[in-house]
């Protein structure tokens, strides 16, 4: 079984889309193994977006992720990463297919509702930013 980190970003929380996002992952057959609402620190956001550190939009990403509460969750299932990425849709919501979370709800490329780990390596780095091992259920 594979796991994937999902974040409902500040715009998703602010727009009351938490339940909708969670239910889409559950309907896809993915089990929730960890779930919490939290405020992201600047240090956590910088670590999460570290692959973008040298890009001009890095500071905007960090500011956005720390602008309000998020919901962090870990889902598990067969091909959890690929399934989660398909559910999320293209990063740019204007290019995301209808029926995907971003296609249905995204406001722009930054305020795009959700994050989903894009690889097993990303998941292994990312989940440790948001969860301690004792917060993850077997």
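The backbone N, Cα and C atoms fix where each Cβ goes, glycine too.
Together with 9, 57, 85, 91, 112, the ATP site in Swiss-Prot holds one more listed residue from 24, 42, 102, which is 102.
Listed in sequence order, the residues of the same chain lying 6 or more apart from residue 57 (ATP binding site) and placing their CB within less than 8 Å of its CB are 110. Distance noted between the C-alpha atoms of residue 9 (ATP binding site) and residue 115 (active site, pros-phosphohistidine intermediate) is 7 Å. Counting neighbouring Cβ atoms within 10 Å of each of the recorded positions (9, 85, 102, 115), the lowest count belongs to 85. When Cβ atoms from all protein chains are considered, those within 10 Å of residue 112 (ATP binding site) total 23, not counting its own.
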